[in-house]
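Visitor: Let me begin by handing over the structure; questions about it come next.
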Amino acid sequence: MNLEADGLRKRYGDVQALDGFDLAVAPGVIHGLLGPNGAGKTTAVKALATLIDVDEGVARVAGYDVRTQAAQVRRRIGLIGQNAAVDEILGGRQNLVMFGRLYGLSKVDARARADRLLDMFGLVDAAERAVSTYSGGMRRRLDIAAGFILTPAVLFLDEPTTGLDPRARNEVWAAVREVAAAGTTVLLTTQYLDEADQLAARISVMNHGRVVADDTPGVLKRQIGGDRVTVTIPAGAPLETVTQQLAAAVGIPAVPDDEARSLTFEVGSGVTALAAIVRALDDSGITPEDLVLRRPTLDEVFLTLTSQEAIR
Amino acid sequence: MTAVRAGWILTQRNLAHWVRQPWAPIFGLLFSIMLLLVFGFLFGGAITVPGGGDYITFLLPGMLALSMMFGVESTATAMAGDARKGITDRFRSLPIGSASVALGRVGADMANSALELLVLILGGLLIGWRITSDPASAALAVILLLFLRFAMLWIGIFVGLTFRGDGATMAVQVLVWPIGFLSTAIVSAETMPDWLGAIAAWNPLSATASAARELFGNPTGITEGPLADHAVWLALGWPALLTAVFLPLSARAYRRLRA
């Protein structure tokens, strides 16, 4: 495991920010840390990146203990916080050369590395301009580049696309994939489910300072039930009769939406249900207005998991 | 990496800011020159120096000391800005010694203040101020002035790291004025009511201003009291005391970012 946390606890006054936080991430994986505001995602990242001391628990990053071997950890990580922590007054290249030298590269090596990273993250044209003139996406990419100078074993990305427009978001996603392709383990915190779905091979869902679920996006979606089949009945057809017919055909009652004239079946196997629905509609001579098979979204997984947690 | 080497890289970073945005330090210099002209010529005619002597020659060492003290403002603002924008956290996640960030600030601010001293000294010479002592004494005066700036640096670092919001640096910007004026930097304590004069005489700024006057061979405006006999020792002692208090406090504030 490249990242390991065992029972981390951290208290800020009345707030138990981490309450038994556990994590295990294999090398070279993009791992999503997903949770609502205040779930403790940033605190977890800061603890793993040696920025704060936890009250209890042990964490190892790239094999080193974050508390007793902080210096070794720091040589092997890159941290990209919520604010783009690059120097706004300096230019993009100046920033990368400065961080390169702070990581211990010689002036010559730092310059060469800066040029390589500007190229890799698509910032060559803006290299000399002051960072204050950069767009949000460019700033974020420079930020990631600065965290990637030594090709770290682990890169921490704390909500990297918060406040970015969709295009800038795509650019940042591409940069994150670039980083992972080079073999770096990425721990990505996000509030956006589609971001975790798009990027992460595994997701830990966090709430109230601990992980409430940890699996691949696919398994997490299956966990809260199977597929959904939604059929929309055309205006001419008798809604009640069709509802009964379809319920009989599928074998379970539908969740109706009278307004939209649609019926949704939550089923184990979407394909079987789909076939049954098509046959039943065909027998009645009805052509559906719309017929959709979909897996549950991560949004549904997330809401289910965090609301269960709230009740408990 | 050693803190000294990282501190030097961060000093270069802070100096590069002035190359990219030269107006902030230039405006700071113009402001000091303006103060010198306002007090030297606008108010100066109405001020007499106890014990005799020309007001401009009395004023200039005081202005030098005042500008060293005002440096606390730029230090606090820069530290607070970096901490607020998250770049301090970035530096903290790097494999560099924990003194690096402070050393980078010290290097850049001392360089800026040395330049400011030079410009004010040249400006003073243009408007009639003269050094009448020997070069060694004059050099010691400059060293004592920079020592005051060094002590102010640690106050600035402490304030900037502890109060990261805009409010704290605003408070520093406002507070330097009464503290600066309640000293012998601009007028002699002996022209003030007794109780006020006593407070002004114990202001660390007064010690440095009086020592600089003495060492440059300028009128001190002092006829009696501790400042008359021990100004140089006080100008060594006060900044040493301030540094001894605020350097550990700054280190603690930096460590407490981890809490």
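Glycine is no exception: its Cβ is also placed from the backbone N, Cα and C atoms.
Curation plays no part in TrEMBL annotations; they are all automatic predictions.
So TrEMBL has the following annotated:
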- B:23-257: domain 'ABC transmembrane type-2' (DOMAIN)
- B:23-49: transmembrane segment (TRANSMEM)
- B:55-72: transmembrane segment (TRANSMEM)
- B:114-132: transmembrane segment (TRANSMEM)
- B:138-163: transmembrane segment (TRANSMEM)
- B:170-189: transmembrane segment (TRANSMEM)
- B:231-249: transmembrane segment (TRANSMEM)
Visitor: Would you kindly check B:23-49, B:55-72, B:114-132, B:138-163, B:231-249 and say which stretch has the most C-beta pairs under 8 angstroms to the transmembrane segment (B:170-189)?
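Guide: Selected stretch: B:55-72, with the most Cβ pairs under 8 Å.
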Visitor: For the transmembrane segment (B:138-163), which partner among B:23-49, B:55-72, B:114-132, B:231-249 gives the most CB pairs under 8 Å?
Guide: B:231-249
Visitor: In terms of Cβ proximity under 8 Å, which residues at least six beyond the ends of the transmembrane segment (B:23-49) contact it?
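Guide: Sequence-distant neighbours of the transmembrane segment (B:23-49): 55-56, 58-60, 63, 66-67, 70, 74, 112, 115-116, 119-120, 123-124, 127, 186-188, 191, 219, 221.
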